[in-house]
Amino acid sequence: MADSDGEYASDDELKRNGKRTADGRSKQTKASWEDVKRSWDTVLETADSGLSIAEIREAEKRRRLLRDTTPLQRGIIRHLMLVLDMSFAMADKDLLPNRYRVVLNNAIGFVREYFEQNPISQLGIVGMRDGIAVRISDLSGNPAEHIEKLMQWSEQQDPQGNSSLQNALQMCRGALYQTPSHATREVLIIYGALVSIDPGDIHDTINDLVADRIRVSVVGLAGQVAICTELCKRTNNHDGNYSVAIDEVHLKELFFAATTPPVTRTLEQNTASLLMMGFPSRTLAPKDHVSYCACHAKPTREGYTCPRCGIKVCRLPIDCPICKLTLIQSTHLARSYHHLFPLKVFVEVPWSQASRSTACYSCLSPFPTGPRDMVAAAPAVLGGRAGKGGKQDSDPKNPKPELKGVSESGRYACQVCGNHFCIDCDVFAHETIHNCPGCQSDTRAPERDTPLAVPDGDPTPMVVDA
């Protein structure tokens, strides 16, 4: 287009600041329409209208929390291999800008979330391209190394060739074969192709995975593939974990669902065993004394000393390079326990019980005082017509649809302490801190159902000073 020469710039060029066109004019780094405030994002509902945008968002937040919180035995020490499809199928643009960029961006976020939820676990990354499997990062517990490798591949490599499931599974099996038996062995595959170019019979590889107790989960970006279904069912004891993403939001949900450890079902996995761990203390050497760490062979002043062999490592958690003792901190172990004892789901508070609170117990945000505060007093913007006195004409033939898990009063109560919280604090408590702020701040002594002591011959319980 001749009339736009010198003005057009690609998306990648717009992201780079300081670049100018051939005629010297600076390029925009942000489109003007990105700053437009969309009024429909904050629309409230009228009496006869459907659901408001704010209520739909609240229902989406609650949907992620409405899950089974039954305490189950899970493996909190995990060894996971992440397999990313880097074939030509990832160049499709059904996800913008394309599948390859979206998957790599989600993979970086997944690495952060994985080690946040599983601090004493390890992760490795493998790619599929040109009919072979390429190792992106080795199995380790350092998220910075994995993120650095992913960013390098995102900047320097483009999707090409065909994918090979068998080669990727064989590489993952070789990396997980030497892992200890007390840890889980998992493989998560992000698969965008519909075919797999394999050098042999993939069913033999599936049999080897089942024998080595390696669980495989697949997240598809295209249609459902039969071999992926069989792979997930056989390696997960006929309880397959194979899903196909329908959009970018759904892909992120399926991706991040793998941060939760799998349930141990077989008798062999449920066998209890003792594991020796070391809790080293941090040391800081004087300025004139620098030593090498055993994990990276780099000169450092600070580090952690192994309590068994006395070698120094620069970060935790890690397996001692000399004596192979697992070195962690007590906070790492505590952060892994929330998978075994999940926080109970907060229940919705009806208007009949909403008078107990006027503000959120955690952030002190004010709650609506009545149903009138939940309805917009402005003219109808979702299809309703304003009547006399600002009221809306209701339509009994089209009742308001109900959203599962959404509280009509905007309050959510803890089942233990009974305090009321807003939706944002509800999400923060279940997805980030995994503890109830009301229960943690309760300093009252626990009630006892039985007396502490009863003297002989005296039916009256002994009074014990607090």
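The backbone N, Cα and C atoms fix where each Cβ goes, glycine too.
Because TrEMBL annotations are produced automatically, they should be read as predictions rather than curated entries.
Given the ranges 72-89, 216-233, 306-323, the record in TrEMBL names 306-323 as zinc finger.
As stated in TrEMBL, the feature region 'Disordered' covers range 439-466 out of the listed 159-186, 439-466. With a cut-off of 8 Å between Cβ atoms, the residues of this chain six or more beyond the zinc finger (306-323) that come close are 119-120, 141-142, 278-280, 283, 291-296, 298, 300, 329, 332.
With DSSP classes pooled into helix, strand and coil, the tally for the zinc finger (306-323) is 0 helix, 4 strand, 14 coil.
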